[in-house]
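As recorded in TrEMBL:
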TRANSMEM  B:21-42  transmembrane segment
DOMAIN    B:24-212  domain 'MacB-like periplasmic core'
TRANSMEM  B:290-312  transmembrane segment
DOMAIN    B:296-404  domain 'ABC3 transporter permease C-terminal'
TRANSMEM  B:339-365  transmembrane segment
TRANSMEM  B:385-408  transmembrane segment
TRANSMEM  B:435-455  transmembrane segment
DOMAIN    B:471-623  domain 'MacB-like periplasmic core'
TRANSMEM  B:681-706  transmembrane segment
DOMAIN    B:689-802  domain 'ABC3 transporter permease C-terminal'
TRANSMEM  B:742-760  transmembrane segment
TRANSMEM  B:772-794  transmembrane segment
Amino acid sequence: MNNIKIKMKNITKVFEIDNMETHALRGLDLTIYDGDYISISGPSGCGKSTLLSILGLLDMPSSGTYHIEGDDVSQLSLAQSARIRANKIGFIFQQFNLIDELTVFENIALPLRYSEKQYSESEIKQKVKKCLDSVEMSHRTNHYPHLLSGGQQQRIAIARSLVADPAILLVDEPTGNLDSKNGDAIMDMLENLNNQGTTICLVTHDPRYADRAKSQYHLLDGRIEMVKSMLEAV
Amino acid sequence: MSHLVKDFRAALYSLSKRPGFVAVVILTLSLTLGAFITMSALNYTLLLKPLPYPEQEKLFIAQGERFYEGKQLASGIHSYAGTVELYKKNQVFSETAMLHYEEQLISNLPGQPKLYTTFTTPEIFSLSGAKMAQGRYFDSTEGLDTYKPVAVITYDIWQQKYAGAADILDKKVQISKVSYTIVGVLAENFIEPLLFMPGRETQIWLPFDYNYVDEEGRENGTNGSSNLKLAGKLKVGMRENEANQYLTNPMNDRFVEAARAFPGGKGVTVAITLRTFEDIIIGDSPTTSLMLFGGVFALLLIACANISNLFLSRAAEKQRQYAIQATLGAQKFHIFRSIFIELFILIFVSSVLALVFAHLSFALLQQYAEGHLARLNELSLNAPILFFTALVSLLLTSVFAAIISHLIDYKSLISILRSSGKGSGLQISRSTRQILIISQVALAGILLSVNFTLLKGSMEVINHPAGFNTENIIRIGLDASGQNFNREERIAYIETIKDKLLQMPEVNMVSNTIYPPLVVNSWTSSLAEDLSASGKQVLPNVNLVDEHYLTLFDIPLIAGRNFKPEEIRDSQKVIIINETVAKQFATSGGILGRNLYWEGGEDPYKVIGIIKDVNIPRVDMVPQMLAGRTTGFNFMIGLNDNHNVSKIQLNSIFRQINRNLRVSIYATVDESYKKLLLRDISIAVITIALSLLTLLLAGLGIYGVLSYSINLRTYELGVRMALGGSPNLISKLVLTDSAKPVAYGWAISIMILIALYMYLTQKMNYDISIEVSALVVTFILISLTSFIACFIPLRKIVRLQPINALK
């Protein structure tokens with residue numbers, strides 16, 4: 001049995017807008033194991049983004065329990081959740097979200113600088129270089145993001161998500177802003193990473209890419225169900 | 001035209017939807033512009049506007065100066081006989097006038113008020129281009145030695161004291177025994193050349209013959225008085241140096257000859273120097289007025305930086321509307337016209353309010369700064385000021401329009417809609433934001449540092465202990481309405497007055513003393529070690545006192561003893577000196593018990609006591625000597641706590657003693673002392689008000705720019721938070737980023753302050769120092785203001801769940 005990386009139980013999320021309650025998640029259970037590659041898909045407004053926000057500690061659930069590598073992270077202060085994000089979670093966004101004023105190197109180094117572990121400059125250099133190599137972008141170290149193409153920017157974003165050796169990669173529509181050629185290349189890269197042991201949770205509405213995950217979940221009306229699992233199939 | 005009206009209406013409607021924006025712009029601009037107009041008008045009047053007299057550049061005062069062995073002893077004093085001789089044998093002026101400045105009780109006016117009277121020869125009126133509201137001014141038949149009792153009054157006196165009576169030319173002015181016929185009323189707009197002292201405006205003009213200098217004083221060739229002036233218009237072709245020679249030679253010859261008669265006159269010479277009316281009237285006012293101008297100019301710049309930011313933010317906010325207009329066919333010209341009209345409305349309203357504010361400021365200055373600043377009575381909202389305001393308003397409108405047009409690029413406007421909202425849209429660029437912050441901090445830094453330096457100086461003066469008691473003491477002087485007493489009679493009256501005063505339950509002590517300790521330079525004399533020409537000489541202030549003076553004013557003796565009653569009664573030759581005099585006579589055995597020679601007299605005066613120096617605001621330590629003797633009708637009355645005696649009460653008592661005795665001087669010592677502090681209190685109030693306004697404006701400005709910048713960064717900060725940036729780290733990052741322009745601004749203000757300091761001390765020879773404490777306070781205040789301005793918008797963001805910052 002693989003180690004459990006993420007365990008969510010009975011998670012709900014209620015938004016109150018103009019005195020009207022909207023239930024985005026309704027008692028959701030989800031377990032992700034070490035080395036998993038899962039995809040979550042569903043129609044617009046099904047709660048994909050909300051789930052990803054809670055998974056990534058960008059938002060807190062209204063109720064339910066959430067553990068990452070055994071630690072309870074259901075209700076944390078802003079500072080505590082930031083610390084865990086820096087150390088255990090790697091993000092890849094649809095809009096890449098690189099910071100324009102920082103070089104490629106500095107963008108990738110950000111999670112290390114935010115980490116409570118005090119990395120030395122040489123350690124940072126070494127880790128950033130390793131990640132840049134893995135996405136084949138070493139020649140762009142000192143460039144600024146706006147000089148890069150969309151595909152290149154997303155590769156840098158992937159490098160950034162890997163730099164702090166996170167427990168899990170949370171990937172939000174990584175190909176949404178890319179053409180199909182670049183999109184395919186990014187998906188290949190994710191698959192390779194998973195093959196090397198990285199745990200990945202991918203949110204996408206594109207069934208073509210959802211199919212490439214080992215387990216595929218479908219989200220509807222705030223509840224989740226597994227559609228297909230390669231592990232089970234094996 | 002109709003387009004313009006429509007645009008005008010549209011602008012008014014659009015502005016009415018943003019009352020907060022409109023209020024901040026108008027309030028900021030009208031206040032700062034109003035202050036700027038006020039100070040521009042003041043400086044224009046002081047530095048550029050010619051005096052309102054015909055051929056004003058040729059008008060001079062012949063100023064007497066006295067020297068002792070080449071060192072200047074006194075300035076601005078004349079001997080009476082010498083001045084009259086210069087007037088009679090005038091060689092340098094085409095027209096010349098003598099003036100004697102006094103204050104007199106007018107006995108035929110209700111309440112017998114004491115008014116400023118100037119005794120003059122007729123020429124002063126033509127020299128100053130006087131126009132009359134009624135009657136005429138003095139003519140040549142009323143000149144020197146004609147003894148015609150006529151008077152000219154000012155318009156204000158006509159209105160206030162005679163209720164604008166139509167038959168004013170039939171009325172008389174009664175001063176002691178002389179009744180003067182009023183022959184003229186000066187025009188309302190007559191501006192007197194203030195040659196005696198700032199703020200002292202003559203109320204009644206009388207012929208020179210009747211001045212109150214007695215026979216002895218008129219003949220004395222050595223006594224000097226600063227109340228006497230000789231003015232004139234320099235002859236065509238006469239140079240100033242030449243004139244000085246013509247005037248000095250006879251005056252000095254006469255003086256040296258007269259001075260031979262007494263030992264103290266040895267080695268003293270006199271000279272006459274011409275000084276322009278402008279120089280005398282304006283004095284050192286420009287130092288203050290230029291400093292105030294610098295202050296309000298910096299404030300206006302801060303306000304402009306603020307308003308630029310507000311206008312830029314508004315333009316950024318309205319970009320979509322402009323884009324729609326452009327897409328629908330509006331040309332560049334149409335868009336700029338609408339922007340310009342909006343600017344014009346705001347600046348026009350602000351300018352009108354600024355003029356109202358300036359008008360009020362003129363009145364305030366005339367009321368409170370009279371005597372400290374010259375030519376205040378010439379300030380009014382006249383055509384040049386209206387023109388200047390229009391010019392400044394137009395300039396401001398153009399500058400703001402240029403700044404906004406720099407931001408809005410017509411071509412990119414059209415593309416905003418075409419790209420259906422993608423892209424970052426219109427933003428105030430990072431460099432513009434940085435410049436706005438740097439300039440505000442730099443200006444505020446300079447302004448606050450200078451303000452705090454001035455404030456510190458003033459507070460030191462205000463808080464410095466006087467060194468003598470000022471409370472519960474009234475100073476009075478009595479006038480005997482022309483009745484003369486011999487010495488015995490006078491002493492008898494003084495004793496009776498003292499007794500009567502002491503019988504009043506409110507009074508606990510009376511001292512027959514000329515001056516309270518705060519009066520300086522009214523009577524300067526000489527004290528010498530011996531009678532030889534080479535002996536050490538000191539020039540102290542003299543006061544005649546009795547044995548109660550030191551007790552009443554609580555002035556401590558540091559050596560020796562007080563006067564004894566019999567020493568006062570018999571006018572014994574004993575004196576008390578202050579520490580400053582004692583130090584100047586610093587001899588090995590000490591000065592106590594030694595003899596000194598007073599004003600060249602041959603009888604020695606024994607020093608029986610040394611008193612502590614008192615502190616007079618803004619006056620360096622003054623050498624002072626007290627001679628113990630009965631003087632004239634001058635008294636210091638010590639009151640019991642919480643008691644007071646009125647002038648009316650005193651007058652009724654004195655009338656019982658002699659019906660001619662009236663109180664002519666009545667002042668509480670405490671109030672007189674506070675008057676000496678008035679300048680410093682004004683500086684303190686002005687600097688505090690200016691500092692608060694600076695902090696408020698700069699604070700609002702920095703807040704505006706920083707909150708705009710931080711809000712622009714919300715998404716970026718959200719990304720950083722998503723990547724694990726904790727609230728503390730994010731706050732640290734934003735604070736550090738925001739601190740950079742603040743630090744640059746601060747560095748620039750320090751550099752400018754140092755340059756200013758070097759310029760003022762080295763080139764202009766001002767004696768000023770950089771107050772480190774003022775810099776520290778400024779630094780703390782600006783840092784704190786910037787921190788708060790940064791923290792408020794930042795707190796909102798770091799309290800968000802990261803997902804909300806990323807929306």
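Backbone N, Cα and C atoms are what each Cβ position is placed from, and that goes for glycine too.
By number of Cβ pairs under 8 Å, the transmembrane segment (B:21-42) is matched best by B:339-365 from the list B:290-312, B:339-365, B:385-408, B:435-455. Look at the domain 'ABC3 transporter permease C-terminal' (B:296-404): DSSP puts its residues at 93 helix, 2 strand, 14 coil.
Computed over the domain 'MacB-like periplasmic core' (B:471-623), the whole-number mean pLDDT of the model equals 87. By the count of Cβ pairs under 8 Å, the stretch nearest in packing to the transmembrane segment (B:290-312) among B:339-365, B:385-408, B:435-455 is B:435-455.
Note: the domain 'ABC3 transporter permease C-terminal' (B:689-802) comprises 98 helix, 0 strand, 16 coil (DSSP; helix = H, G, I, strand = E, B). In this chain, the transmembrane segment (B:339-365) lies in contact with the transmembrane segment (B:385-408); the count of Cβ pairs under 8 Å, excluding pairs fewer than 6 apart in sequence, is at least 3. Remote same-chain residues near the transmembrane segment (B:435-455) are listed as 291, 294-295, 298-299, 301-302, 305-306, 308-309, 683-684, 687-688, 690-691, 694-695, 697-698, 701-702, 705-706, 738, 741-742, 744-746, 748-750, 752-753, 756, 768, 770-771, 773-775, 777-779, 781-782, 786 (criterion: CB distance under 8 Å, separation of at least six residues from the stretch ends).
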